[in-house]
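Worksheet for the structure shown next.
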Ligand code: SAH
């Protein structure tokens, strides 16, 4: 078959036949796929060709001929462009179905588990304004310090004032800081010249306690002249702020945070509760961004595990200790491991805050610590894992399987690496038993799930 020689700006009439996992509509013209923002399955569109590659291209909706019954109208397209809410144009009901289908498809494709009964996604009660954390880049637009979000796959700042899925008070703090920084002519970071002071504003607001932490990511710890006045104005206007810190990052890499923190106001941490337990959270430590849904997620993980008072539990990738501490009074011992030292000191502190004496935390890579612990005689009955997007390390899976623990409970924020790990865990003698997705990230493509693996 002759390939069409597509030209930029050409317009085609086409049906949207599918949705990618990141929310772009899929259109095929003579079998050649185009990815189109803001296009939903079952819509018929006039598509303008934006870019053509070897095996796929990108298009734009020029005009809708028909629209999906599941389309949410009136959503600001900047939320789609930036990925703040890349599923914001799809009804919440359909978002949940799509996420469930994604997990099923990955299990089929990667783990050859056709028809595995993945449970329906547990919905969020709060589908907007739920995030407890913002990390907002600061850049110059036409000579004006501006806060917003990068356009997807770029470092082009799109100004945003209402972040839609974030706690409104966080948005208010960002706007207040933006306006104050403009008044005193603070310079924003320029990636090309590497000049400028302010790179990012990070704000966390604890869901239950309402305590707030503000972190300014800057290129040096030299403060602007008016910093003291600004700090008083900020903390007076937002009395829930318990911590303001500088984070110094002069690197060119894509990591938001640098290594060094400096407390400007209050303490170096905030405190929140989850499932009735108290947690201190310091700036570099991970903390789930949707507290209400994370509490459901953890509860399901405990229910899967069927905790017993005699159980020795490993909490791998433990962060500030939320998962292990949440169950510590129902089991015999909890051993947690985590690479970020500040998170581990939070976890140790959190055990004391909750009057626990049966938890043990150590800094290190899970794949290095687990074999060491087993050699030292620890015999776990249960292994909880909650790895970052890249999933579990292969040696970790081998060693975890040698423990003969009765179950491995896997919390995953990436169903693709999860499906890969299902294959590896089953090879090592752990049978996938249950998969329960929980929607921690309404309006976005992100999928969280908890799975139970039983010793064969
Ligand atoms: N269980 C915690 C944290 C989960 S996020 C919670 O629910 O809040 C994943 C954590 O794994 C992060 O804290 C990250 O710092 C940590 N981590 C990443 N790679 C790791 C590794 N190889 N070994 C141990 N911890 C790791």
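Indices start at 1 and increase along the chain as displayed.
Including glycine, each Cβ sits where the backbone N, Cα and C put it.
When 265, 269, 302, 317 are compared with the S-adenosyl-L-methionine site residues 288, 338, 386 in TrEMBL, the one appearing in that site is 317. Looking only at the binding-site residues 338, 386, the densest Cβ neighbourhood within 10 Å occurs at 338. The shortest Cα-Cα distance between residue 413 (active site) and any of the binding-site residues 288, 317, 386 is the one to 386. When the recorded positions 338, 386, 413 are checked against ligand 1, 338, 386 have a Cβ within less than 6 Å of one of its atoms. Of the chain residues outside the S-adenosyl-L-methionine site list 288, 317, 338, 386, 286, 315, 318, 319, 322, 323, 387, 411 have their Cβ within 8 Å of the site's Cβ mean position.
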